[in-house]
Amino acid sequence: MTDTALPTFIAESRELLAEMEVALLECEQGNAGPEAVNAIFRAAHTIKGSSGLFGLDGIVAFTHVVESVLDRVRAAALPMDRALAAILLECRDHIERLVGVVADGKADDGDLIAAGERLLQKLNMHTGGSSASAANTDVVATAAYAAAPGERWHISVMFHTEVLRNGMDPLSFIRYLSTLGEITHLQLNTERLPSPEDFDAEACYLGFEIELASQEGRQRIEGAFEFVREDCTLQIRSKAQAAYEATAGREAETRDARSARDIKSADNRSLRVDGDKLDKLIDLIGELVTAGAATTITARKAGLSELNESTLRLARLVEEVRDQALKLRMVQIGPTFSRFQRVVRDVAREIGKEIRLEIGGAETELDKTLIESITDPLTHLVRNAIDHGIETADVRRARGKGAEGVVRLEAYHDSGSVVIEVADDGGGLKRERILAKAIERGLITDGSSLTDSQVFALIFEPGFSTAEQVTNLSGRGVGMDVVKRNVNALRGTVELDSKEGEGTTVRIRLPLTLAIIDGFLVGVGGSSFVIPLELVEECVELGDEHRSTDGEQRYINLRGAVLPFIRLREMFAIRSTAARRESIVVIRCAGQRFGIVVDELLGELQTVIKPLSRLFSRIRGIGGSTILGTGQLALILDVPSLLDLCLSSSQAPVAPRIALAD
Amino acid sequence: MAKRILIVDDSASVRQVSNMALTRAGYEVIEATDGQDALGKLAGKINLIISDVNMPRMDGISFLKAVKAHPNYKFTPVIMLTTEAGEDKKNEGRAAGAKAWIVKPFQPQTMLDAVAKLCLA
């Protein structure tokens, strides 16, 4: 029965563990308030509670100890210091592993149990507490079958006047008794009934004398009255035994009442929806947008003003639906950023640097798929910043900086795209060293004419690494080019700013969503292409003087600046003669400008990206396809790779084979 | 007619498992995610309420007080879910009139047993 609910438990636990980690890291840094401790406690508490439901005794037992420690912290009986936070972090990781084992459907493994024991010992040593035993918490004690089969019991119960007002129905207990055995005799005790004028309709004046034939033990029978112990006088006698006095109301706990309000995560009103359903919805809305565009075009052709008006209204609604649907996929980047607290802490500790992670723009939203895909590149960049960017404490002091280095993750929206920055206040990039290395690696021959940003761009070249020594974190030269490739695959770009001695900032610019783009439609011969609109800077006519050169000269003078360009007709070997007039679409991408020569400028459109099948995945220059409102197919240009082609030195033979084959 | 039980807990897995166990045992179950949500669902026949203590927005104790003050539901039995670490809450709950408790973590059978004592299916 519980199997079907297990995924809910696992997802819930993972969320709570993530919250727990954030709060623990805050505690470790010493800037946490009571709400952080509460959050940690609540996470442990809820995980324990739900894992018990699933009979996951290992998790219950382990979490129970952790929870007890946390409860002492909450009660201010134990200080939450760095050391405790560090141990609790390890415990958190252990719980995560335990949950992982459940998620994988594996049996408990001995090593893991042993590791858990060691952790608990460590925890106990630190807290000085005696080892709290595993939870044995069921309120209903398992019955001790003391009575002989078929034993007869005499139960005498007198309910107190308040029992009804306390929400207890005397009848329900009698009914429950009948599930434990057979009630052979029942007599109502009415001696406390008052005179009619004193009668309170909401009060209970009744008592019962019950004869029960049951095989259950005394405990089970007494248990039936568990919830009314304080509201009744109960006597249970075994007929075979001597009279047994059982008075209700045994518990008398007098502990200080202390209010502790738990701060809950803000998203507890949210609805969990299967990602596939959402994808399907987005997909359908994509089709809707396309169909809507077709209708609008048809209506315009038909020339009926009423039809035109209604299709426009429809188009506006479709647009709204699309925006709302896309928002469904949007998630805040904060949790992803927070995960790096742990990375920074662990890595900094490992290599003996003092580093703090600052986070900005945690509430910035972007497409969930993007967040998932951006985590790896970000990890690379953060590790790079820690490993190569931030200097050791000694060096920093010598340079007059604070001993503690700062890595900053920041996200913000910027004209239709999302920018994620990874900045450090470390040593910055050294132009000479990059140049020397680039020449050594044969990436360039002479760097004297390159601007700083062109030099810095070299570190994104495959096989480039200037780390003086290879550490186990990074510095194997497989870092930055992978980052760039990953980001480009998401239709994003990477830029890098650096000042020697002051630090480095890597800026990743991503589209808001992967599903739909605002595009600029251009035509070459009979084919249509879509250029992402946010990259288009302007369109200019290609002057006759550049047309005759037929591929020799590949740049124009655009208001005094050199603008290199490529011809789509050549790139994709479109077999048609050049149109009478050609235009250049000026593109700005990754801080550089270049032109794309096309026949026709067809205007803006909003379009749904259909990924290309794997067969075409290695084709450079094309990022996807889309179906136009007219039913025609258009290819979406992959601008960053076109830029590479345009700027690469091997640009001369832009034969289609080379351009298209990677 | 099946007995109707309102289960109030912010943990989706607790709700789901309880719901399944109770439904199997022949009860009709309504779920609420916290006290406030539950107040909105107090309508029609409700034979029993099971409420977590530790919840966002409105915790179980405040919810219990609200139920006790509700003209239609003040006689409805309420089972509180708590943990052994929550003794202080228990005292607070007692003061508010809570009588029945189930200590988390519990097995579904424990819940069914407790429910049966107050309202047999």
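Keep in mind that glycine also has a Cβ here, set from the backbone N, Cα and C atoms.
Copied from TrEMBL, the annotated features are:
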type: DOMAIN; residues: A:1-102; note: domain 'HPt'
type: DOMAIN; residues: A:313-514; note: domain 'Histidine kinase'
type: DOMAIN; residues: A:516-648; note: domain 'CheW-like'
type: MOD_RES; residues: A:His45; note: phosphohistidine
Neighbourhood of A:His45 (phosphohistidine) by C-beta distance under 8 A, where only residues 6 or more apart in the same chain count: A:Glu67, A:Leu70
Segment confidence, the domain 'CheW-like' (A:516-648), expressed as mean pLDDT: 80
Counts by DSSP class (helix H/G/I, strand E/B, coil) across the domain 'CheW-like' (A:516-648): 23 helix, 67 strand, 43 coil
Residues in the domain 'HPt' (A:1-102) grouped by DSSP into helix, strand and remaining coil: 86 helix, 0 strand, 16 coil
